[in-house]
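To keep things clear, I will list the structure first and then write my remarks on it.
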């Protein structure tokens, strides 16, 4: 099984920072969306709608680096970077980072780190959704919602994670494999 | 306090208040967090920011639960104060600890392999370059009349290629400066792990447990 070298560690960190910088742009989007939905009691919806974007570093790192733990490390480092660059949740970001990372890692675990294709990404999107939703179930009081609304949030979250962590990640990795920069095991 | 222990205690407390519902403990933690922040001479603007943002999110969440949920008022108060616990406690770490100290402490005190510590530092220090690169990629595309959005695969494709090149170059540069993975290292600067740190660590965790078990509302 592949091991971590300093080159991979730098790569996953740089990737995490790149994602962080790109999502910096979505910061205002989240606030505006949240503020627009808040009067209707739909503010958590903004969270669920955009969650996929924040969780993208996981599947992308897992797909590009292909070492067990890459998805977790990608998300975790992303949250470390966010913590130090003035994200307002401070050290508490790390918990979300680990939760999201473990969520997307599970998808890769289920395929034994052997397949890198659609199935992996769909599984990863599914596990990310379930794990992060489970976390919000307790942390953000999602367990106190009416069942119907809870399901709406869950489905919204899955669609978001699927679109960004699945479809967009697949499109990106397609470009990468056409450029022949993914590891050779990729096409095996 | 030792950075590793400080981080651990904060994450543990944040994790614990996520699963417990005692708002008095939350309020106590908020007060402690505020005192630490004030002692650390936090700037007023930062403090206002750290108050206004969670105020919005906490109120919106509570409002949403009132409209579409069946939570008790007690639970809503717990949730409201919980958001502030996250933000204030989290800030006590980031406002008092430099990334370099944390990495050093993780390497020396928590025995994190040096490749992770230095790999992370190397990349972290590239931050200004990374930010410039994203702007460059977007500007370059604009010159060809392409607008790259957050959802454009091209944007990610380009930055991933850059990340791959940079990480190879940085790793080579480290090797050529004599860095060997897994080799024993000496430290120019040691981060102390005193018994005092352990007392703070165990003490604050114990206090939180006592607060949670007292049967407070």
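Just so you know, glycine gets a Cβ as well, placed from its N, Cα and C.
TrEMBL entries are annotated by machine, without manual review.
Keep in mind it's a predicted model, so treat the numbers as computed, not measured.
Sequence-distant contacts of the transmembrane segment (A:9-30), counting only residues of its own chain at least 6 positions beyond either end whose CB sits under 8 Å from a CB of the stretch, comprise 46-47, 50, 53-54, 56-57, 60-61, 64-65, 70, 73-75, 77-78, 80-82, 85. Positions annotated as transmembrane segment by TrEMBL: A:9-30 (among others).
Outside the transmembrane segment (A:50-69) by six or more residues, the chain places 1-4, 8, 11-12, 15-16, 19, 23, 26, 29-30, 33, 75, 78, 100-101, 103-105, 107-109, 113, 116, 120-121, 124-125, 128, 132, 157, 159-166, 168-169, 172-173, 176, 182-183, 185-186 with a CB less than 8 A from a CB of the stretch. Annotation comment: TrEMBL describes A:50-69 (among others) as transmembrane segment.
Under 8 Å from some Cβ of the transmembrane segment (A:76-98) lie the Cβ atoms of residues 12-13, 16-17, 19-20, 57, 135, all in the same chain and six or more residues away from its ends. The transmembrane segment annotation in TrEMBL covers A:76-98 (among others).
Positions annotated as transmembrane segment by TrEMBL: A:118-135 (among others).
Look at TrEMBL and you will find A:147-168 (among others) tagged as transmembrane segment.
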